[in-house]
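As annotated by TrEMBL, compositional bias 'Low complexity' applies to 1-15, 37-52. The compositional bias 'Pro residues' annotation in TrEMBL covers 16-36. Marked as domain 'Enhancer of mRNA-decapping protein 4 C-terminal' by TrEMBL: 71-189. Summarising the annotation, TrEMBL assigns region 'Disordered' to 1-52.
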């Protein structure tokens, strides 16, 4: 029996285990990070050459004019300083110069350091707007009204027109702002200006009276 079993076992085909398939892992895709866009830390664009040059030329313009006016004063050329600022058509520049020179000291020197055309132009520009820098304008206008010499006919005619315009500005301010502290001071200035107008009219009439009395 053992021989038969051995023969049967030899006759049975040998069972060979099936080879297991080799599992090859799939290659993982290589993830390449996207390049980040370069962000500039500057948030405002750089000005162009034209804009920057225009800006640099514009900013110091007022400072240069102020320095020029002060240089005239420091060199003793006060009349030239006021001529310079009055011809610039810039009231702020006129105010700047007035703030740096005390009117009492300016007009107390005899003969007056300012020529008559400069004084009259100064009166006109300071009286253009009486709502700003009132104390300064009052002080300058008060001193300026004392300075002109009424003996010259040409001065009288020019001054007469300037005073008429000044009186209108003063009267309008007093009527519009009767309760303000400056109203009383401008009222006194108005009366002083009116007195000068009357003197000019009297001096205009004096030669005519003399001629008529001599006949």
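Yeah, the Cβs are placed from backbone N, Cα and C, and that goes for glycine too.
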Per-region confidence, the domain 'Enhancer of mRNA-decapping protein 4 C-terminal' (71-189) (mean pLDDT, whole number): 94
Helix, strand and coil totals (DSSP H, G, I; E, B; other) for the domain 'Enhancer of mRNA-decapping protein 4 C-terminal' (71-189): 85 helix, 0 strand, 34 coil
